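Participant: Sharing a structure, written as structure tokens. Questions coming.
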Amino acid sequence: MPKLIVTLDGPAGVGKSTMAKQLAKELSIPYLDTGAMFRAIAWKLGEGAWRWDETELEGEMAGFDFTLSGVGETSILSLNGVEIGDEIRTEQVGMWASNVATLPVVRTFLKQAQRSIGDRFALVAEGRDMGTAIFPDAPYKFFLDATVEERARRRFLQLRDMGKPAELEELKEQIEARDLQDRSRTVAPLKPADDAITIDTTDLSKTEVFEALVQGVKK
Ligand code: C5P
């Protein structure tokens, strides 16, 4: 029997990770943060890796092995046996991730890694192209959206809670630049799948968004 896959896509700062964790807990299955995979690759390879040639990138990525363990909010994503930590959670690494995410060679590598995790586990899979490119046959697909002002505010609070204070206006500009690049790339751009349920979360509380997701899955 195919495994249960719930896809959760949407732009930066919309609250996908928070919702993916909660929903995975509710369903007692792991969640997969695919943004963390792009961030980890960008972080490991370092600034400017997006200008390397394809063979060099392929060679480096051949040494990368992503694994997932645990369930619900305690799902752990590791790269080569080491848990991916908070060092990837800055807007700068987010932009590096967006830069490497434009490269077909990186997307092909991660597509294989993500699908192989999806072959082994039921998942709440969150990212940009989960419903469109990676798990097009998933039975439950959601696209979360919100205004850029609200998303910058949410990211601001999240970074502050992690002890990484940022400037709100600057965050807004960075998020806008990253979204533009994510929406306009040729391979697997950020967009809702045709059969996804879109939820505008701008004026919704976390509880309301969560309830909308649970309702959608119960249907
Ligand atoms: O979700 P997060 O902000 O951690 O993602 C970082 C970047 O990784 C995104 O801006 C996007 O460019 C890229 N990404 C992607 N496809 C995914 C997940 C993330 O292109 N499925």
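Quick reminder: no glycine exception, Cβ is built from N, Cα and C everywhere.
Caution: TrEMBL annotation is automatic and unverified by curators.
Pulled from TrEMBL, these are the listed features:
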- GLY10, PRO11, ALA12, GLY13, VAL14, GLY15, LYS16, SER17, THR18: ATP binding site (BINDING)
- 6-218: domain 'Cytidylate kinase' (DOMAIN)
Participant: What binding-site residues among GLY10, ALA12, VAL14, THR18 have a C-beta sitting less than 6 Å from any atom of ligand 1?
Facilitator: ALA12
Participant: How many other Cβ atoms sit within 10 Å of the Cβ of THR18 (ATP binding site)?
Facilitator: 16
Participant: When you tally the Cβ atoms that lie within 10 Å of each candidate's Cβ, which of the binding-site residues (ALA12, VAL14) has the highest tally?
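Facilitator: Output for this query is VAL14.
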Participant: Once near-sequence residues are set aside, which residues in the chain of GLY10 (ATP binding site), 6 or more away, have Cβ atoms under 8 Å from its Cβ?
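Facilitator: The answer is LYS16, ARG128, PHE143, LEU144, ASP145, LEU190.
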Participant: Specify all same-chain residues, apart from the site residues GLY10, PRO11, ALA12, GLY13, VAL14, GLY15, LYS16, SER17, THR18, whose Cβ lies within 8 angstroms of the center of the Cβ atoms of the ATP site, ordered by sequence.
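Facilitator: Not counting the recorded site residues, we get MET19, LEU144, ALA146, ARG151, ARG154.
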